[in-house]
Every structure is written in structure tokens, then in C-alpha cells.
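Enquirer: What Swiss-Prot lists as Zn(2+) binding site is His21, Asp31, His92, His96. The Ca(2+) 1 binding site annotation in Swiss-Prot covers Ser24, His29, Thr32, Glu37 and is backed by similarity to another entry. The annotation Ca(2+) 2 binding site is assigned in Swiss-Prot to Asp68, Asn70, Asp72, Gln74, Glu79. Look at Swiss-Prot and you will find 13-48 tagged as domain 'EF-hand 1'. Annotated domain 'EF-hand 2' per Swiss-Prot: 55-90, in sequence order. The annotation N-acetylalanine is assigned in Swiss-Prot to Ala2. Marked as pros-methylhistidine by Swiss-Prot: His107.
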Amino acid sequence: MAAKTGSQLERSISTIINVFHQYSRKYGHPDTLNKAEFKEMVNKDLPNFLKREKRNENLLRDIMEDLDTNQDNQLSFEECMMLMGKLIFACHEKLHENNPRGHDHSHGKGCGK
């Protein structure tokens, strides 16, 4: 799937895959994220993710351990997508936070704003 073709959602999916591989190919196995790759991805491509926690190193370690379901100290694409799913859900909830219409359907400030 080319980045310039397809629907907005298809392009978004392609972007997520491409960003994952941008980091997974740096060291070790080309299809998993090690701790350094995961940390770099979160710090560079999810800069607002740990904004409140001030990029707490222990929190990053704990998140990776929680996602690493097979305990191989690597995150597969599937394991990493568990984080993306949780972030998307949290962002969706934040969009509706303090909105008098709730989920009936107006959006406030999104994630990272």
C-alpha cells in the first residue's frame, strides 16, 4: 500500500506500520523493537505520550514489560499494536472529555493538545 494512495484510514495504517519499521530495523531483529528502539520511538514519535510523567524511565520499562507478552525482551508488531490500541482509545476518550455532548458527537481538544 503506497503512502499517497488509499483512504485516510488506510494511509494512517500504513504510517503506523512504516514508523514501527523505521525503529525496528535499527538494531537486532528487523521486525521487533528492543528496549532502545522502543524508547526512541516513544520519545521521538509519541512526544506527548509521557508528557505528564516527564518521560519517566521506569514507566517506559513497565509499559514494555506489560506489552511483552512472550517475555523475550522484544516487542513484536502485534505487541506494539496493543499500545497503539490503548492510546487510540485514550485519545478518543480525551476528545470527549468535558464535552457537554459526550459521545453525541462533538470533539474537544485531542491527545497532546
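From the backbone N, Cα and C atoms, a Cβ is placed for every residue, glycine too.
Mind mapping these onto the model and telling me what they sit next to?
Expert: Within 10 Å of the C-beta of His96 (Zn(2+) binding site) we count 15 further C-beta atoms, all protein chains included.
Cβ environment of Glu37 (Ca(2+) 1 binding site): Tyr23, Ser24, Lys26, Tyr27, Gly28 lie under 8 Å away, each six or more residues apart in the same chain.
A coil conformation is recorded for Asn70 (Ca(2+) 2 binding site) in the three-state DSSP classification, outside any helix or strand.
Taking the domain 'EF-hand 1' (13-48) as a whole, pLDDT averages 94 in the prediction.
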Enquirer: Take the C-alpha atoms of His96 (Zn(2+) binding site) and Asn70 (Ca(2+) 2 binding site) and report the distance between them in angstrom, rounded.
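Expert: So the Cα of Asn70 (Ca(2+) 2 binding site) lies 35 Å away from that of His96 (Zn(2+) binding site).
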Enquirer: Using a 10 Å cut-off on CB atoms, tell me which of the binding-site residues Asp68, Asp72, Glu79 is the least crowded.
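Expert: Result for the binding-site residues Asp68, Asp72, Glu79: minimum number of other Cβ atoms within 10 Å at Asp72.
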Enquirer: For the binding-site residues Ser24, Thr32, Asn70, Gln74, work out the Cβ neighbour count at 10 Å and name the residue with the minimum.
Expert: Asn70
Enquirer: Around the recorded Ca(2+) 1 site, report the further residues of that chain (criterion: Cβ within 8 Å of the mean position of the Cβ atoms of Ser24, His29, Thr32, Glu37; site residues excluded), sequence-ordered.
Expert: Tyr23, Arg25, Lys26, Tyr27, Gly28, Pro30, Asp31, Leu33, Asn34, Gln74, Leu75
Enquirer: Around His29 (Ca(2+) 1 binding site), how many other C-beta atoms are within 10 angstroms of its C-beta?
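Expert: Excluding its own Cβ, His29 (Ca(2+) 1 binding site) sees 13 Cβ atoms within 10 Å.
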